[in-house]
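**Q** Quick one: the structure is below, questions incoming.
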Amino acid sequence: MSLLLPPLALLLLLAALVAPATAATAYRPDWNRLSGLTRARVETCGGUQLNRLKEVKAFVTQDIPFYHNLVMKHLPGADPELVLLGRRYEELERIPLSEMTREEINALVQELGFYRKAAPDAQVPPEYVWAPAKPPEETSDHADL
C-alpha cells in the first residue's frame, strides 16, 4: 500500500489547509483608497442569517452603539458587511464580516480610527467629531490635542 498521493490530491489538500488562514479576517486598510473616510455602516439582515453568526451578532447588537459615526442598517437577506463611507456618503469599500470574530471586527474598526466611546451616550472628543477615521500615523501626530 502506497502513502503517496497524486499531485492533484496533494494540491487540494494544501489548498484546504491554507484557505482558513487566508480568510476575510486578514483585511488590511489601503489608506490611499480610504482617503476621506469619515463614517461607516454595517449592513446586515436582522433575522435568521445574523442569528447563525453569533460573533457578528454580538458586535452588531452590543458594540456598534459605542462607536462614533458607525451605524447599522437592516437589509433583508444581506450578508453582514462593513461599508466604509466618505464625507459625502460615497462608498469607499465593503468588507465582509461573516468570517470574522467579534474581537477581529472591533480591532478592525479601531484600526480604521473610529472612536469607541465609554458609553453609548458619552461625549465625543473634538478631534473625532467630523472625521473619526484616520491613518494610524495621523492619529499619533495629534495625540496631544
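In case you wondered, yes, glycine gets a Cβ from its N, Cα and C as well.
Taken from Swiss-Prot, the feature signal peptide applies to 1-23, supported by sequence analysis. Feature annotation from Swiss-Prot assigns active site, nucleophile to Cys45, Unk48.
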**Q** Among Cys45, Unk48, all listed as active-site residues, which has the most CB atoms within 10 Å of its CB?
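**A** Counting Cβ neighbours within 10 Å, the top one is Cys45.
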**Q** What does DSSP say about Cys45 (active site, nucleophile): helix, strand or coil?
**A** coil
